[in-house]
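Pulled from TrEMBL, these are the features on record:
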DOMAIN    16-289  domain 'ABC transmembrane type-1'
DOMAIN    329-542  domain 'ABC transporter'
TRANSMEM  48-74  transmembrane segment
TRANSMEM  119-140  transmembrane segment
TRANSMEM  146-166  transmembrane segment
TRANSMEM  236-256  transmembrane segment
TRANSMEM  262-281  transmembrane segment
Amino acid sequence: MNLIWLLLRASGKTVAIAVLTGLVSGAASARLIALINGVTSGNSTDHLLWYFVGLALIALVTIIISQFFLINLVQDAVYNLRLRLSRGILSSPLQHLEELGTNRLLATLTEDVQALSGAIFVLPSLCIDIAIILGCLVYLCWLSGLAFVFSLVFMIVAIASIQFLLNKAKQFLSLAREQEDQLFKHFRTITDGIKELKLHAERREAFFAEELQVSAAASRQYNTAALRTFAIGDGWGQLLFFTIVGFLLFALPQLVSVTPSLLSAYILTIAYLLTPFRNILVRLPQLFRASVALEKIERMGLALASQKEYSPITYKDEQPFTSIEWTALELNQVLYTYKGEQEDSTFTLGEINLTFHPGQLIFIVGGNGSGKSTFAKLITGLYVPEVGEIRLHSKQITDENREWYRQHFSVVFSDFYLFERLLGVGNQNLDTQAQEYLQKLHLERKVQVKDGILSTTALSQGQRKRLALLTAYLEDRPIYLFDEWASDQDPVFRDIFYKQILPELRQRGKTVLAISHDDRYFHLADRIIKLDYGKVEYDRNN
């Protein structure tokens, strides 16, 4: 995949129009040079003024048309690329995204797309420069075929030598880009771990010197090497350009018979070529950064596409069950193996054989590392069982209906994300209903809801969890799952959660799964399921 293919895929017709108008502009510019050469050679200037004006207008109008088409095209290409990457991430399995890592995803969505946007932005001007060069080369060929052959051979040799330098520069840029992933990881460490870093001076200095500074230095080293190589290529290109001029001035007249007017026309045309040629050389670093970014984006896209989930648009045609429409959620001989960071490190959850019914309040308990959070992702459909099956109301959950299955759950994870807008909640009188729930959650003095937008989310962690619970309330789905929800609540509201909120959900026919360590509330559950090292140690009714 390259920049040209990206544009062609966006709209081949628009590319053709832009190229055609650009070529016309280049031809008009070349004809202007020929006209100027004719006038400076002593030809009659009668009736040439309007010819000159006409050519200038043609060159101006066509260059503007070409740039307008290309500008629209490149912006559409970047727009579609961003959406395609975002859709690819949204359509990928959770485990695959966790393996890729947040830093890699963010680097691709920001650094790579930004590099690509910057390069694509200069493509219109680059195309015009190329069109002018082609037009002038055609004019040079018309002036003297032999001189053109000499110049063309020299230019081919020059381009080949510059290409060698460009390939070296691209290798350095690729290495620099790999360091960007590490830098994003370190930047997230700064923002997410700022409190821990501030409280431990030795850890802070070790992180800065041994991790952040090392990656930043490597990035600087590779980028510097790449830019120095580009600078050498730029200087080498200009030297070769002036070498061509010297060849035409001093060597060509010794080899073939050349009239002074022809030589003057050649020199003037090549001098005119210096500006577009220089523009191309200056833009090469940006273009090669974009090329590296595209390769990174393409690898990311292929990695996402290879793991893409089946997510048919038509899943909305089959509505999720309500609390009174299903009878059982079954996990039959379910087994799931989670790969750790080390190659030989794995964690296995299962076999799991459990059945849940509407109107049950179930506590999932167990020590840290027992598999509770993995179980939560498995039962909600975020992880796919390697062995066994999940059935809802006797319907087996497969790739084809997993999206439909997920719509039965309202979940507040321990690492939840809080949206500022109440997206996807189509309740009538949403604001009024949200305010009623805010009163129940003791947040009516902290937060207001207007047009489905929360007035603030800058609250304590416990209060933010209550806002997440507000969203779950409004979703009104048949199955609720709370992952250590009460861990950040004060004693008063923790008591409200276990003694009021959970029983109310159960009375409404909801199935409530609560992952909890609060053993003094265990007597309130209908069932308690204890996990230990990925196994169900016991499943007992209260």
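For all residues, glycine too, the Cβ spot is worked out from N, Cα and C.
Stretch with the largest number of CB pairs closer than 8 A to the transmembrane segment (119-140), among 48-74, 146-166, 236-256, 262-281: 262-281. Outside the transmembrane segment (146-166) by six or more residues, the chain places 137, 140, 229-230, 232-233, 236-237, 240-241, 243-244, 247-248, 252, 256, 258, 262, 266, 270, 284, 288 with a CB less than 8 A from a CB of the stretch. The average pLDDT computed for the domain 'ABC transporter' (329-542) is 90.
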